[in-house]
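For reference, TrEMBL has these:
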- 6-24: transmembrane segment (TRANSMEM)
- 36-55: transmembrane segment (TRANSMEM)
- 61-84: transmembrane segment (TRANSMEM)
- 96-116: transmembrane segment (TRANSMEM)
- 122-144: transmembrane segment (TRANSMEM)
- 165-185: transmembrane segment (TRANSMEM)
- 191-214: transmembrane segment (TRANSMEM)
- 226-248: transmembrane segment (TRANSMEM)
- 254-273: transmembrane segment (TRANSMEM)
- 285-306: transmembrane segment (TRANSMEM)
Amino acid sequence: MDLWASFSNSGVYLAVLAGGYLLKRAGLFRVQDARFLSAVIMNITLPAAIVKGFAGVELSGVLLLTFVFSFLVSLTLVCTGAVLSHGRPAVERGTTILNTNTFNCGNFAIPFLSGVVSSESFAAMCMFDVGAAIFTYGPNAAVAQRAMGGGKGRGAGLGSVLKKLFTTPTFLVYVAMVALSLLHWELPGFVMNVAVMAGNANSFLAMLCIGILFEVRFPREDRATVARVLAGRYTVCALAAVVLWLWLPVPREVARTLVVMLFAPVASCAPMITIENGCDGTVAAVINSISMVLSITIMTLLLAVLPV
């Protein structure tokens, strides 16, 4: 994709995002509306987009390697959060750990990239999401609570993690599509037609939802924590991107997609998880919004400059 095409494609997504933010400022939308849209996205349009994107994809060593890579990057990030917050107050430690290691794949990276990648690259994005999701729903909280001097953390036990994963429609669809790929089965045409219709709405709804949720706030007293989290996160992701690009044995187009994916924003659920674990939700919301701006910029530039 050439430079102009990359910026043009990104501009469409940014226009929808900006439209959601401006319509919220004008009073047409409220934050509660974004929660409804998020439920539609995570339960209907994103699973449909996954079904659509996985159609005809053969499970390969590349996809399994992508899962392992995602898992290792997530492990490195959660350890980075623990190191960066060493010696800080307990709540600050927990907030740092919980927000250093999450990726907004379903609501941002996958919709942002789905229109410009191949089926194999789309499947690789999904496997990356699976590896990251395992940490988001469990180990992050366990490490944060231990760093704060507490127990395992709310919902951090193995049973709770598995329950969360297997009651999440997106994860169930991932499992189902991987199983179908292994068995070389295809979904009926009617099901695929419905999936295509719903999946086509995913990118628009995701960008609109993010625009409604977006806030520009940067409390002075929290700047050091925010800077520490973002600097640590993007440094690790940049190093992982170099390793991936130079040494991971995957097709160049898949490598390009995953490099861009590494710079996805902090997950939209991170502030809620932060609050659930007794940490600072306000700081988490600030990190979320700033990471959105940084990630949009970085991902757009990478799409423009990285060769296929």
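These residue numbers are counts, starting from 1, taken along the chain as shown.
Each residue, glycine too, has its Cβ placed from N, Cα and C.
Remember, TrEMBL labels are computer predictions, not curated facts.
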Spatial neighbours of the transmembrane segment (96-116) far in sequence, C-beta under 8 Å, 6+ residues away: 1, 9-10, 13, 38, 41-42, 46, 49, 53, 74, 77-78, 80-82, 84-85, 88, 122, 125-126, 128-129, 132-133, 135-136, 140-141, 143-144, 147, 170, 202-203, 206-207, 209-210, 225, 228-229, 232-233, 257, 260-261, 264-270, 273-274, 277, 279, 283-284, 287-288, 292, 295, 299, 303
Outside the transmembrane segment (226-248), six or more residues from its ends: residues with CB under 8 Å to it: 65, 69, 73, 76-77, 80-81, 84-85, 95-96, 99-101, 218, 255, 258-259, 262-263, 266, 283, 286-287, 290-291, 294, 298, 306
Stretch of maximal Cβ-Cβ contact with the transmembrane segment (36-55) [cut-off: under 8 Å; candidates 122-144, 165-185, 254-273]: 165-185
Contact call for the transmembrane segment (254-273) and the transmembrane segment (165-185): at least 3 Cβ pairs under 8 Å, seq gap 6+: no
